[in-house]
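Below is one structure, written out as structure tokens; comments come after it.
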């Protein structure tokens, strides 16, 4: 999908308005879904005139793709922050999973939007996970070299770990009113470290 | 979502026609997505008059929900068949993962439809995975009791394993032209058995 991209505003006021529209789009698209969400809904939620939207974005497609990209950056930077204190890869796995489940709890609309991207903007969806997967594989490869984890295919493991985190986020965070993130992280971490073998 | 359900036909011919429409719907909705797929597209693919559709289904919603349910049954029964020969839980995990990745390869439209259900029919989506998760948890619980796997939270593990399989299916089967299912299964299985710990 080729999406026309609009130049970013140069003034502080312009940047603030653009950010407000983006935040409103996250809320509205996250709640209603991409197809049902209208630009009028978004500008209403952003409390701006509907024409203002087109100063900053060419259409819903552009705003959606930027949301998906933003989410990728936000999730990666939050994970990186929490992982920074870890002294080895297994500790980093625990911290990264906790960070991810916290993002799912605090910004549930993000989860939905990224998943909806599979249908709305498959290219952005694939890029989102591919970037994640590449960086993750590289970390696992280095950790195996240092002997912090056992040897094994880094890419298969990276995607397995991403999938596991995603589904735990859906089942134990999105679908539950009272989430005990720490408990889920501890249980999952013990599986991640030691597997199922008796 | 309340969906009107249509009584199943009683004649062999009726049942065949209904099955043909269902198969066509799987193809068309899997390719175009639920929103874009029209009933006319489906009846055209099924090679029947468009009015025939309404003899068997109240609308697209009903056909979609039945597809999601069918896929759950098909995936579970195919996994059960391949798992039947396994003499312990770890072997069953390997066989189950291989069965699942084979289903993703052979019926890629299924994967897409089940994922689209998250937006089109969240109730059917949740039911699909919840049923799966319950049965899976129970199997892990029994295996832990028998000492075939280590002790641990069966539900967290079941969802972790489901998530891992799903993402491996997407990355290494749906996104690849030449899939080496055996290799992915072996790598993933070694992680599932032993985890990352050195």
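Placement of Cβ uses the backbone N, Cα and C atoms for every residue, glycine included.
TrEMBL entries are annotated by machine, without manual review.
Owing to the predicted nature of the structure, the values given are computational and were not obtained by experimental measurement.
Annotated features, as they stand in TrEMBL:
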DOMAIN    A:15-75  domain 'HTH tetR-type'
DNA_BIND  A:38-57  DNA-binding region
The domain 'HTH tetR-type' (A:15-75), counted residue by residue under DSSP: helix, strand, coil: 49 helix, 0 strand, 12 coil
Average model confidence [pLDDT] within the DNA-binding region (A:38-57): 94
